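As structure tokens, the structure follows; a few thoughts come after it.
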């Protein structure tokens, strides 16, 4: 590998890592901070991608589709929390697994009934459709760089929300002791509804942003579910920066694994996970 | 307890059947029309999951032919038992056994996913049930694992890829990189391509594989750009195909390094590629604008029945029914006799919408492979890449 290729592969790793963070960000909130085991995270991602497809064909513009889709996803999340998840906080984790696994099946079937099983594409907005030449025959799509910037902004925003705001303080307190927070006069139900809805909206945003480059197809949710859990777990459950670092580590492992050790490429991500967890069983950024 | 009861019941049925048979034979003069015999068809196909659309198309195609024949095949009433195989190999043996043992089907039809089809073929061999495979392309099915009672109405992974190997060499490319998922169908496609391409004097510089169903292609695109081959050959299908073609275009590689693929790259995926697929050359045993009257009639009837245009999967389902009908014809209305049906099917010439094909010794279609070009929303036919191409059926002893 010559030096230019190496640099481009580093760029690929960074970009893929940031994309992975975007995909896992909703789960960081719902699983990492609220402590709900949410297997339906991938389904919310898929809902986002299909929303992007449907709304883009309707409005003709992905940006407009995202502007419309985000509030829809938020409301959808709030309704789900009110109808289903709010009854589960005091129950066993196993029941959350059952519920969210059931949701995967339901969403998949509804998707099949509503939009069918074909593969769809979403066009990149005109504004970002250009490419930047990197070498004599390879260029880099601007849209991918835009996604990376959005991911960084999102990571910063999430960190600020959780660590620096009053709302974040309440969320963190609530995840430790619901009853105590309630006793202090905070409407914990509303708080959880908001945070859960935010998590769903983030997952959907990831789906919408990724739709133009990943295309929209049945089963796309399950492809991101495992990797999202891997990222949240090795980052250290509950840490936004941890998830970001973990996503970048995975991005590098996957990219260079494919190039340097093609026979082990499928294993690479899990090897890294095993090594990290042996080294730090609580994840990279777990606070005491 | 239940089992003995069941056994007793079956014994009773057999005795009763024998009695009726003897009496019937005595009373009804030879050759006179009996009440129509039935044929039980077990459809084991994916109706949910990634391949749901393919399973539905195959079923539609099969039923389309039965409907054209007046709701019967060679005079036999068709009774369906349907199982959704979910493209899950771990449930395949159980599902296939259920159809054979519980529903007593005369013929199994399925499926799309090669892993599931391999398990079905094993059940079919063990129980000596007739099996028609309407899609799954794993070379083994009509290779080392071939069997007298196993037929395929579709293709082997080797066939379209081999045809493309010759085309790419003919177009003057000497040095090619291949990209595919690392699973048997992908590897067999690459092997077929490589065999023909290197025979014609070309060289495969590097085979790139990524784990299924990973679709992060960027590292490979970077590698292709630095290797600078004359051309790239890929095997991908569905969402992965769309993403690869779009990424390849967005990386600017489409302009400098031509991309070729096995036909699945552009089947059912052109719309989603949104223009990135324009001009791609692929090889397959079907194309969108064949001129034979059979295809035109088929497309018209199919569109009438199901309100969508048929695809290669619908054709494969349709031909599975045609193959079965040819086999049943030889019985002339008598009771189902598997050996006679197999003999007739093996000798059949099928008038398929894809163009007529015969059946190889290993029971795979000997068929024309077309060269197609993506134009607008169609895989336009631009020529025949290989005429009457037979799979080499390596390892088949039959």
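Cβ from N, Cα, C; glycine included.
Check TrEMBL against the ranges A:166-189, A:190-213 and you find transmembrane segment recorded for A:190-213. Contact count against the transmembrane segment (A:190-213) (Cβ pairs under 8 Å) is highest for A:49-80, out of A:49-80, A:142-162, A:259-279.
Packing against the transmembrane segment (A:49-80) from elsewhere in the chain are residues 111, 115, 120, 122-125, 127, 193-194, 196-201, 203-205, 207-212, 214, 216, 220: each is 6 or more residues past its ends and has a CB under 8 Å from a CB in it.
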